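I have placed the structure first, in the form of structure tokens, so that the comments after it can refer back to it.
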Amino acid sequence: MGRTIRRRRSNSSLSEAISVSLGINQDSSVNKMHRASVSAMSPPLCRSYMSGFFTGGNSPMINNLSDSKLPISNKQHPKVIHGSENLHRQTAQLSNEFCSSSVEENSPTIKDYMDIIGNGDRKDDQSMRTIEENIDEEYSDEYSRLLLSPASSNVDDDRNRGLQNSSLPELEDGYAGGYQSLRPSHNLRFRPRNLWHMCTSFPSKFAHYLPAAVLGLLLNILDALSYGMIIFPITEPVFSHLGPTGISMFYISTIISQAVYSGGWSSFPSGIGSEMIEITPFYHTMALAIKEALAGNDDEIITTTIFCYVISSMLTGVVFYALGKLRLGKIVGFFPRHILIGCIGGVGYFLIITGIEVTTRVAKFEYSWPFFSGLFTDYDTLAKWLLPVLLTVVLIGTQRYFKNSLVLPSFYILTLVLFHFIVAIIPTLSLDALRQAGWIFPIANSDSKWYDHYRLFNVHKVHWSLVLQQIPTMMALTFFGILHVPINVPALAMSLQMDKYDVDRELIAHGYSNFFSGLLGSVQNYLVYTNSVLFIRAGADSPFAGFLLIALTICIMIIGPVIISFIPICIVGSLIFLLGYELLVEALVDTWNKLNRFEYLTVVIIVFTMGIFDFVLGIIVGILIACFSFLVDSTKLQTINGEYNGNVARSTVYRDYVQTKFLDGIGEQIYVLKLQNLLFFGTIISIEEKIERLLQISNKDATKRRIKYLILDFKNINADNIDYSAAEGFNRIKRFTETKRIKLIISSIKERDRIYNAFNNVGLLNDVELFADLNSALEWCENEFLFQYKQLRKKAKERLEEGKQNNVVSAVIAATKNKKIDTIGNGLNRGSNGDTARNLMSLPTNTPRNYQILSVAQNVFVNDEQAVKNFKKEYKDDEPVLPILLFALKQYRPDIISEVQKVREKEIKFWAQLCPYFTRRRLASQSHLLHADNIFFLVETGMLKATYELPQGTLYEIFSNGTCFGKIIAPGNAMPREQKLTIETETDSVLWVIDSSSLNKLKEDNLALYVEVALMVMCIKDTRFKELLGYTLVSA
């Protein structure tokens, strides 16, 4: 099965693009092997009377554009998306300065570095480092399978050639009812091995398939009499003599389609092809329009009309063939089925009206009281339409009682015999008298032949201007015709238990049959579901049966015109009424409680619009209703796939204890909205309303969300396209967030995306941060908060130094006055005056967000960071790795900073035993750390990236300084090859490492410590696993 790899939001075929815009193809992170399949258990739509059925480093405090200024696009200097490598360097520098115990006066601040990074991101793309992207790849589904298809329409060329050059289909028992079904083998064309075999096998095959062929012939005859007869509007005087011509054109179309299907161009060599009944209303529309334009010129009317018929057939064939060759078989399946059902009901309504016109011989059905009263008060007229109605009622009742495919042909054969028997035994009745009274079709001319209609093809009498005027009707006819193949073909395959078929191949076959039918002066045709099922179940399991049916049909066609003069009009009327009844039941009765109210109302509107006004108008109304329905339904799409604050949605950066504590406290000021589905004028309103409700910030109401960074993630947007209204909607969202002093961030967007270009064109990207993925956006937001905390800490240190100087001056003055003072600074250094320490930090604006940041920063500074600095000073003369080790283990071993001295000293003494086993390493940027699955290390400075390569995809995390990580695999155990861990330095780094040999030595020297290290590694990995799993679930 020909699968093709495609990149997300890449250019694809037309049918795939539509599949994406409707949501059929989903993201590969959800399901790479997803195949859209639609059930085919509902009945086919066809005649059914036979069976009754980012810029970098900028702090968020940026001067906003005034509301009076219109946003303008910046095509010369487009907004640059933040690069992941620059972002990781920023995080590394921030962590290095963050963990230092003091800030030197002349040292560059982290903000200077962030500005450098930002300026670097603004440079031209050629000077930037290549942005490392993770592009989702997914298999494009081989085929949407439309209704039930288990096989792809996008099969490869070799398979196509295999299907085109196959042998006789194999026979396989069906699952129900003992029926036999067809399963195509290697060759579908009928090719006898040799002439001798053909000659000897012909008699036996003829006898074997003759009953099935006779049944198929009866079906063709009934179809010819029911709607072949009314190809032309025979109730109009100018067309009244063209009933036999319509039948001949019907037979020609049937023979050509049967030859194409049985000749090996179709997967159903025993299927029955026949004229499309749905074309009749369109033909009548064209014929009547031409008659009105050429009143009084009968020959020119007929010639122009018949040319319109054959041109429409050729046009239909070309469209069928093009759809099949372009592999667009599934595209027609996107048309709403209830619209098609309404069109089918419209055909049924038309047939009921036509049945009344044919039986009563009225020129045109009128919607007036005199006309309706005449149908009941004129006894002759009443009898002519009531009798076929009664025949139809009797037949419907008989079919419900007897479930046999022969009921229909047997009923009408018996009716025909009974009619002539009654005429024979009643002396006052005669065929001639009945013909004059309108009960039997008039006698055809004695020299009338089946090919007489070819005499009507006179190019000199064609009014080509009128032909051009009928092109809209021809297009509507073609559009309506192509909707049946993707419905009837899967339905027939299901009935025959076929597992392998190709809708595109069937479209090509229909293209041949319709084009050649028009070329030979006939009308449209298609594969008839009901007749094909009856034909195959009667024993037609070989193309031979199809060719035998062709021969019998040719015989009847040659005799044709003579037979018509002996057929009672009531039988033809009954057939028309039956077909109209079946289609109306299928449209209006069978869909009750299956369609919702809006869909059912749509069906009713289409039915009566087609029946009362015009078929083309009905299709236009149906398409408009379908578009309106799609618009209404699209506005109801759930555009928010998920919403998370920063406490839940965290980046995969592994940060030290102090940074983690601070981010835990202010995480709710980061808010993520994951968008999904389509972005257009119908869905942007719901997004605006959601954000407006979300950003209702109040100084008094603590229940309102305190959001500083709003991230809109575009990962699950189904189509890389957005209209102007939606782009302007995001501009309104941006202006609204600016009034609330909230930074708008967009993630999962790339510079090559059309959405990026649309946003740039409307000026949305000014003062908006852009990131290629959600992880980078979260990392940037966390860095901004950590920078703000560092600034607060720097101010606290400056105030602390000022306090110490003031205390010295106060001490000198007090000494001269013999007074004693208690310095505040000593109290602070001992951490005994927490309240004063808190007062060292402040923010200029007292808002709920700033108050929260200040409160959390004060708590972290007093309770955690001061404690960490104290033990760093206490153990600075010991092993240089010890303070780093204790700082890294603090979040996993709280006893390291326990207030109980004995507990703290015992814990520190225990872990101090590990220091001799560490080795200090300096690694340049982009260096690999070899671990052999046994390692424990501390990050003193720098930044590392750990990449996990799994069968399901690749995931990475960043290790900042002040953290520890390890991996220990017991001897004899091995990790699966497909689960690979790669550790690489993102910046120049300094590590303290216990490698595999040192771990083995530790195990021999101090088993208890080795076990604790192993348990520590397990604890670290468990914590990191939960963090990574959480991010994976959030970003899905």
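Even glycines carry a Cβ here, placed using N, Cα and C.
Note that the structure is predicted; figures quoted are calculated from it, not measured.
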Candidate annotated as phosphoserine in Swiss-Prot, where the set is Ser152, Ser634, Ser998: Ser152
Listed as phosphoserine by Swiss-Prot, one of Ser144, Ser513, Ser725: Ser144
From the candidates Ser68, Ser140, Ser240, the one which Swiss-Prot records as phosphoserine: Ser140
Long-range neighbours of the transmembrane segment (237-257), counting only residues six or more past its ends (CB under 8 A): 220, 223-225, 227-231, 273-275, 287, 291, 298, 301-302, 305, 309, 313, 363, 441, 444, 448, 450-453, 456, 513-514, 516-517, 520-527, 550, 553-554, 556-557, 560-561, 564
Whether the transmembrane segment (605-625) meets the transmembrane segment (376-396): three or more C-beta pairs under 8 angstroms: no
Outside the transmembrane segment (214-234), six or more residues from its ends: residues with CB under 8 Å to it: 50, 240, 242-243, 245-247, 249-251, 254, 272, 274-275, 277, 280, 283-284, 287-288, 305, 309, 351, 354, 358, 405-406, 408-409, 412-413, 523, 531, 534-535, 538, 540, 545, 549, 552-553, 556, 564, 567, 571-572, 575-576, 578-579
Recorded stretch, among 301-321, 406-426, 474-494, 569-589, maximising Cβ pairs under 8 Å relative to the transmembrane segment (376-396): 569-589
Mean of the pLDDT scores, which run from 0 to 100, over the topological domain 'Cytoplasmic' (590-604): 87
Same-chain residues at least 6 beyond the ends of the topological domain 'Cytoplasmic' (590-604) whose Cβ lies under 8 Å from its Cβ atoms: 43, 338-339, 341-342, 345, 622, 625-626, 629
Counts of helix, strand and coil residues, the topological domain 'Vacuolar' (397-405), according to DSSP: 5 helix, 0 strand, 4 coil
